[in-house]
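In what follows, a structure is listed as structure tokens, so that the remarks can point back to it.
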Amino acid sequence: MNEDLKVNVSGLPRDYLDAGAAGNVSAAVSSQVPGVEPEPELVVNPWDIVLCTSGTLISCENAIVVLIIFHNPSLRAPMFLLIGSLALADLLAGIGLIINFVFAYLLQSEATKLVTIGLIVASFSASVCSLLAITVDRYLSLYYALTYHSERTVTFTYIMLIMLWGTSICLGLLPILGWNCLQDESTCSVVRPLTKNNAAILSISFLFMFALMLQLYIQICKIVMRHAHQIALQHHFLATSHYVTTRKGVSTLAIILGTFAACWMPFTLYSLIADYTYPSIYTYATLLPATYNSIINPVIYAFRNQEIQKALCLICCGCVPSSLSQRAPSPSDV
């Protein structure tokens, strides 16, 4: 009888087990087989961490430039005003990247998305426009060397600043005023909530400004080469000396323009051909180099400048090295 009972219990039909004893069977199985927990999903996107880190570095670096220019009354020439505008734009861009990271994981809402993307668009637009304004100023300072240091130049500089910041603010307000894809996902660009048309306008505007900067830098190279040749003739320099100084000036301009193109061109072209259906990793991979331009800008335009170097030395150590005070500008400083 006992053996029959055992056989009957062990040979219960499957539907009976499922209906009446599923709980006991699952408990027995779970006690014998170790449970396999699902792998935890990443809470924070590593790309967002990299962008936030980049934004922090951008903010710290450009904040130094803004403070130096703001606290030194001697740095009020048009060139320093434009460098300050560039540093302020990059500073706001860095803050925008940090705020975007905080809002994306702590305060998720449509309003915060629109405000954040508006700040980022406005600040990066002001950064690119400031680079163009600096190029225009450098060209005018060489082409109209005799009349450059005049009240007219200062007025023209303020007009450029008002125009570039007004245009940048208008571009940043477009998503907030309704030009966004929150209501229609099919119109989204690679950067949500910007629309495809909005991204296309920004990309085409960048390509236009890049072409204008390229043309201006070609003219600047011609002027630098002509000036270097005239200086060499006046001071009876050797041909090799003339070649070295000219090469330095042209190399500096090539580095400036090449860095600008290398940072912004990948994201610009990608924004024109891609949309929201493309993998986000491509957006991050092209957007990150664009942020590097705001890291490089202070090194190229601010920290290489002799007057800013003197002001920075005064702040850090309270003195100006003799090497800075005795250094004369060269064609490579354009």
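Here the Cβ of each residue, glycine as well, is placed from N, Cα and C on the backbone.
Please treat TrEMBL annotations as automatic predictions, because they have not gone through curation.
What TrEMBL records for 47-70 (among others) is transmembrane segment.
Here TrEMBL flags 61-301 as domain 'G-protein coupled receptors family 1 profile'.
The transmembrane segment annotation in TrEMBL covers 82-108 (among others).
Annotation source TrEMBL lists transmembrane segment at 114-136 (among others). Sequence-distant contacts of the transmembrane segment (114-136) (same chain, six or more residues past either end, CB-CB distance under 8 Å): 79, 82-83, 85-86, 88-90, 92-93, 95-97, 99-100, 103, 157, 160-161, 164-165, 167-169, 171-176, 180, 182, 191, 193-194, 202, 206, 209, 212-213, 216-217, 220, 260, 264, 290, 293-294, 297, 301.
Counting residues 6+ beyond its ends, the transmembrane segment (156-179) has Cβ neighbours under 8 Å at 78, 81-82, 85, 89, 114-115, 117-123, 125-126, 129-130, 132-133, 136-137, 140, 193-195, 197-198, 202 in the same chain. For 156-179 (among others), the entry in TrEMBL reads transmembrane segment.
Tertiary proximity for the transmembrane segment (199-218) is limited to same-chain residues at least six positions away from its ends with a CB under 8 Å from its CB atoms, namely 121, 125, 128-129, 131-132, 135-136, 138-139, 171, 189-191, 253, 256-257, 260-261, 264-265, 268-269, 271-272. According to TrEMBL, the feature transmembrane segment maps to 199-218 (among others).
Sequence annotations record features per position, and here TrEMBL assigns transmembrane segment to 250-269 (among others).
Beyond the ends of the transmembrane segment (281-303), by six or more residues, the same chain brings 47, 50-51, 54-55, 57-58, 61-62, 64-65, 68, 83, 86-87, 90, 93-94, 97, 124, 127, 131, 134, 190-191, 255-256, 259-260, 262-264, 266-267, 270, 274, 309, 312 to within a C-beta distance below 8 angstroms of the stretch. What TrEMBL records for 281-303 (among others) is transmembrane segment.
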